[in-house]
Amino acid sequence: SVAGIENLPCELQRNFQLMRELDQRTEDKKAEIDSLAAEYIESVKNMLPEERVEHLKKIQSAYSKCKEYSDDKVQLAMQTYEMVDKHIRRLDADLARFEADLKDKLEGSDFESPGSRNLKKGRSQKDKRASRGRGRRTSEEDTPKKKKLKGGLEFADTILSVHPSDVLDMPVDPNEPTYCLCHQVSYGEMIGCDNPDCPIEWFHFACVDLTTKPKGKWFCPRCVQEKKKKK
């Protein structure tokens, strides 16, 4: 993965250079079209019908070339996007493996006391259910969570999690699903609303004023308001 990323700047530079060349070819062809059109308008009265057809064919051919260059540039842009996206997905997978390995090492560390070997669970079974109506399933595996030792030490802020402000400053993938009242991507600890018809379903702890998962069923502020209106 690292080797692939090291080559990425060169690959991007090459693709962007090709895009610039296609842009230049398009501009040159547009100038040629303008010249042919001006020539046609100036000489059309003195042209034979065959000459007019031939001249118009030249203009049409130039327009076709412009379209080809534009299509090539769009295709190249899509390939460039897919290239970057591929590396992002690979880095995400590597990061997930790294965090899993790090978690295993922390759990088996000699620095842990016997009473702190069991980590608190961030969610109950209801939090594991899939997010309905979304493009991907949200579970313990793909929703980042803070991990606390019973001794009170937090590793989330330093190793296993990303600070919310850092997440909000990062560029958002348009394909990444958003959640919560803040309409942001998943990060940190999240809780699922127990209303099966909740349109949002997943919420960041901080956005709903939670620091720990409450006991029993939990309903989001919107669903609580709806219940009050129905009474």
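Here the Cβ of each residue, glycine as well, is placed from N, Cα and C on the backbone.
Remember, predicted model here, so these are calculated numbers, not experimental data.
According to TrEMBL, the protein has these features:
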BINDING   Cys180, Cys182, His204, Cys207  Zn(2+) 1 binding site
BINDING   Cys193, Cys198, Cys220, Cys223  Zn(2+) 2 binding site
DOMAIN    177-226  domain 'PHD-type'
REGION    107-148  region 'Disordered'
SITE      Tyr179  site 'Histone H3K4me3 binding'
SITE      Met190  site 'Histone H3K4me3 binding'
SITE      Asp194  site 'Histone H3K4me3 binding'
SITE      Trp202  site 'Histone H3K4me3 binding'
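In the shown protein chains, 20 other C-beta atoms lie within 10 A of the C-beta of Trp202 (site 'Histone H3K4me3 binding').
Other than the site residues Cys193, Cys198, Cys220, Cys223, same-chain residues with C-beta atoms no more than 8 angstroms from the centre of those residues' C-beta atoms, the Zn(2+) 2 site, are Asp194, Asn195, Ile200, Glu201, Phe203, Phe219, Pro221, Arg222, Val224. In space, Trp202 is the closest of the recorded positions Asp194, Cys198, Trp202, Cys220, Cys223 to Cys182 (Zn(2+) 1 binding site), judged by Cα positions. Cβ neighbour density within 10 Å is lowest for Cys182 among the binding-site residues Cys182, Cys198, Cys223.
Between the C-alpha atoms of Trp202 (site 'Histone H3K4me3 binding') and Cys220 (Zn(2+) 2 binding site), the distance comes to 9 Å. Sitting within 8 Å of the Cβ centre of Cys180, Cys182, His204, Cys207, and not among those site residues for Zn(2+) 1, are the Cβ atoms of Tyr179, Leu181, His183, Gln184, Phe203, Ala206, Val208. A separation of roughly 15 Å, to the nearest angstrom, links the Cα atoms of His204 (Zn(2+) 1 binding site) and Cys198 (Zn(2+) 2 binding site).
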